[in-house]
Amino acid sequence: MEKDDLTHFNDEKRAKMVDVTSKSETKRRAIARATIHMNEETLARILAGKIAKGDVLAVAQVAGIMAAKKTSELIPMCHPIMTTKADISFEDDGKTELTITSEVVTVGKTGVEMEALTAVTIAALTIYDMCKAMDKGMRIEKTYLVEKTGGKSGTFKAEA
């Protein structure tokens, strides 16, 4: 990509929000993933619902969904969008790793990649916040876009 291809800059080389007025509305979907590593006791207590602050996964799920809907308030050049679906799921390895996956969908003029990435990031931060008293060494890693569909650029799938 050439420097001139960057769309978030105006002629004065200052930031701008991209004009999507003439773009067609299409179904757009994005899936993102993040992993949080923790000690075995922390994961076991999360899964057993034994964290003093409450149901960690339920709170993280709601936080991730809320984050997807509020992305344009956090990321300056993101367009406000009408989210038609936001879902968060969790998968653990039974030891020290919890994987968070988000799926965000809209019918609109711009994609939802940032919404999906924001959702998993905030869900992971919520888990950290709720468990930091017992495990300050948790690590949030491997946050990435898994897949996106729709729009002019078509389908993207991350390499496995």
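Here the Cβ of each residue, glycine as well, is placed from N, Cα and C on the backbone.
Per Swiss-Prot, the feature substrate binding site maps to M77, C78, H79, M114, E115; the stated evidence is sequence analysis. Residues or ranges marked as active site by Swiss-Prot: D129.
Of the residues the record lists as binding substrate, namely M77, C78, H79, M114, E115, the two whose Cα atoms sit farthest apart are 12 Å from each other. The substrate site is set by M77, C78, H79, M114, E115; from the centre of their CB atoms, other residues of the chain with a CB within 8 Å are T71, S72, I75, I81, T110. In this structure the alpha carbons, written CA, of H79 (substrate binding site) and D129 (active site) are 28 Å apart.
Distance noted between the C-alpha atoms of the residue listed as 'active site' and E115 (substrate binding site) is 21 Å. Annotation for M77 (substrate binding site): spatial neighbours H8, A15, K16, M17, V18, criterion Cβ-Cβ under 8 Å with sequence separation of six or more. For E115 (substrate binding site), the same-chain residues that are 6 or more apart in sequence and have a Cβ closer than 8 Å to its Cβ are A30, A68, K69, T71, C78, I81, T83, A86, V104, T106. In the three-state DSSP classification, H79 (substrate binding site) falls within coil. For the recorded positions M114, D129, the ranking by surrounding Cβ atoms (within 10 Å, all protein chains) places M114 first. The binding-site residues in question are C78, H79, and the one with the fewest Cβ neighbours inside 10 Å is H79. In the three-state DSSP assignment, the secondary structure recorded for E115 (substrate binding site) is helix.
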